Amino acid sequence: ANKRPAWIMGHMVNAVAQIDEFVNLGANSIETDVSFDKNANPEYTYHGIPCDCGRTCTKWENFNDFLKGLRKATTPGDSKYHEKLVLVVFDLKTGSLYDNQAYDAGKKLAKNILQHYWNNGNNGGRAYIVLSIPNLAHYKLITGFKETLTSEGHPELMEKVGYDFSGNDDIDKVGNAYKNAGVTGHVWQSDGITNCLLRGLSRVKEAVKNRDSSNGFINKVYFWTVDKRASTRDALDAGVDGIMTNYPDVIADVLSESAYKANFRIATYDDNPWETFKN
């Protein structure tokens, strides 16, 4: 049977030491917060207070130091290499910026990632990257990122980059933001809320419907932040591709239950995260 590849996404992995911790618990993907200074430079991997219930909100690194640690964790042959870690979501905290700084934020982000993660295109980290943007008005971050990689001579690295708008906006409005950004493909759609609160699956189901329709723009759907077995099963039953969690071992446990093992498998590097799964 054709099984849906699943991404177990470790939530709020902001210190280099946490990469090992989350992957060892079963995550094949991590989510990292990126804060910006007032000139739109990515500054720290930092969430801050408040954050998810039961988590320390204040772990951090300088962004470039995190990128170097992440590169080691995703470069075959490195002593810190994890074969399993195949996707990284950068949760871009652009709320501190003016809307007209989005392009610059994308440009500066691209320069940092190119140098410290991709090693200027010379055997850098291999993980796929999702740029997750909280505000539809900041779609020019994508443009700035893309144009910078091109002007720096590495347009091919865009093959490793996907996108997400994380504001739980109306799906049609999300589609329009991608039109404005000139994006076709590589689209992950998030839906969710902090683990301190409950959220139903109605918008997830809407996103799944878009993903599975012949004219949809979404390739993958993920739900956050899921820490309990029952809510994991509900999300899998709704057909998500990814689940973001504080407890990767809980998600891995559910995926190993016979009902889910028959229909899902843990995604590997050979699973293209920009490809819509066809049953």
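Backbone N, Cα and C atoms are what each Cβ position is placed from, and that goes for glycine too.
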Of the residues ASP65, ASP78, ASP91, only one is listed by Swiss-Prot in the Mg(2+) site with GLU31, ASP33. Which is it? ASP91
Using a 10 Å cut-off between Cα atoms, which of these recorded positions sit near HIS47 (active site, nucleophile): HIS11, GLU31, ASP33? ASP33
Looking at the recorded positions ASP33, CYS57, ASP91, which has the shortest Cα distance to CYS196 (disulfide bond)? CYS57
Between the Cα atoms of GLU31 (Mg(2+) binding site) and CYS53 (disulfide bond), what distance do you get, rounded to the nearest Å? 17
For the recorded Mg(2+) site formed by GLU31, ASP33, ASP91, name the remaining residues of the chain with Cβ within 8 Å of the site's Cβ center, in chain order. HIS11, MET12, VAL13, ASN14, THR32, VAL34, HIS47, VAL89, PHE90, LEU92, LYS93, SER132
Cα of ASP33 (Mg(2+) binding site) to Cα of CYS57 (disulfide bond): how many Å, rounded? 11
CYS196 (disulfide bond) falls, by DSSP collapsed to helix, strand or coil, into coil
